[in-house]
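> First, the structure itself, so that you have it in front of you.
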């Protein structure tokens with residue numbers, strides 16, 4: 001059974017289980033901290049949680065270390081190719097932690113440039129707590145997202161055996177790849193379609209770039225990089241006017257706001273006829289954003305794994321805070337209006353949004369992790 005079909009079956013089973021929860025007495029285990037979990041083996045992850053919140057995420061912040069931890073999940077997980085396996089070649093193990101186990105090899109791959117810093121920061125926690133790299137990467141990514149206001153309640157499953165060999169190069173999409181290349185890549189990895197590709201890119205709502213422009217680091221993709229919201233989907237549809245740094249870098253196109261970066265792949269996917277309407281659908285629709293990203297994140301973290309053999313430890317992941325009440329879910333940054341939108345969806349009009357008051361928005365850089 002293909003991964004996507006298996007994952008759908010697991011999701012259905014979980015939904016049916018939740019629907020009947022009132023009629024079933026759920027067995028819960030009580031941990032030493034007084035919290036309860038569905039499986040006693042999950043209790044150990046509370047110690048990991050406390051440690052990384054304090055010593056990796058600086059008290060639970062949605063900062064550079066959180067952003068890079070989320071990026072690491074995708075780069076570890078997407079490195080799997082059933083098409084290569086069908087040709088008799090090793091196609092990678094997906095969400096197996098190979099990028100940390102074989103970091104000297106995989107972080108040297110071009111799309112993984114810069115990830116060596118977060119791998120270096122995370123490795124001591126793996127060694128200290130005796131967990132597998134694949135499980136830790138998924139856990140740290142889920143916790144990182146929970147630190148970002150507006151994020152969904154993240155799921156986390158354990159049960160990943162350590163990788164035995166590095167993933168092959170060429171499996172992680174690049175900013176300069178075409179839409180066709182990226183759609184084909186995610187379809188090969190997990191039978192994901194073009195709509196689910198857009199869901200994956202929701203992670204760019206809480207992200208920054210350190211390595212596209214060598215002259216400047218910590219450039220966010222939108223004006224609210226510390227909040228999991230739909231501003232990324234608004235601002236990628238605004239007309240680009242300038243580069244935040246040197247310009248002319250491979251995979252970079254003009255962005256609409258000073259201090260904000262736009263990569264070529266986001267620009268083209270936002271305007272492609274196959275993806276433009278799904279892209280626009282997230283504007284001012286926080287509930288859709290949350291639901292779709294919750295699904296796709298779990299699917300990514302189970303690539304290459306058997307979900308039936310994994311243990312659900314989602315109880316350990318904190319719940320994120322709501323989006324600050326002084327901000328609408330979506331808006332035009334100060335100085336921008338509907339006239340700046342390059343709408344590509346032919347099916348529905350662009351949502352009506354307010355423009356924030358004040359001078360033109362300038363986006364602040366995010367300090368990169370130590371050593372970056």
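Yeah, the Cβs are placed from backbone N, Cα and C, and that goes for glycine too.
These figures come from a predicted structure and were not determined experimentally.
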> Can you tell which of 76, 104 Swiss-Prot lists as binding Ca(2+) 1 with 94, 96, 98?
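It is 76, as the record lists it for that site.
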> Per Swiss-Prot, which one of 205, 246 shares the Ca(2+) 2 site with 222, 224, 227, 229?
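For Ca(2+) 2, Swiss-Prot names 222, 224, 227, 229; of 205, 246, the listed one is 205.
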> Can you check which of 327-349, 350-372 Swiss-Prot lists as region 'Disordered'?
350-372
> Out of 96, 229, 277, 313, 345, the recorded positions in the record, which is closest to residue 43 (disulfide bond) when you go by Cα distance?
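Nearest in space to residue 43 (disulfide bond), counting only the recorded positions, is 313.
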> Among the recorded positions listed here (42, 224, 313, 345), which has the Cα closest to the Cα of residue 94 (Ca(2+) 1 binding site)?
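The smallest Cα gap between residue 94 (Ca(2+) 1 binding site) and any of the recorded positions is with 313.
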> What is the total of other Cβ atoms whose distance to the Cβ of residue 229 (Ca(2+) 2 binding site) is within 10 Å?
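So the number of other Cβ atoms within 10 Å of residue 229 (Ca(2+) 2 binding site) is 29.
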> Among the recorded positions listed here, 98, 205, 224, 285, whose Cβ has the fewest other Cβ atoms inside 10 Å?
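Looking at the recorded positions 98, 205, 224, 285, the Cβ with the fewest others within 10 Å is that of 285.
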> Test of understanding: give the count of other CB atoms lying within 10 angstroms of the CB of residue 96 (Ca(2+) 1 binding site).
28
> With an 8 Å cut-off on Cβ distance to the 205, 222, 224, 227, 229 Cβ center, who else from the chain surrounds the Ca(2+) 2 site?
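Everything else in range on the chain: 150, 206, 223, 225, 226, 228, 230, 231, 232.
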> Mind giving me a neighbour count for residue 148 (disulfide bond)? Other Cβ atoms within 10 Å of its Cβ, every protein chain shown.
24
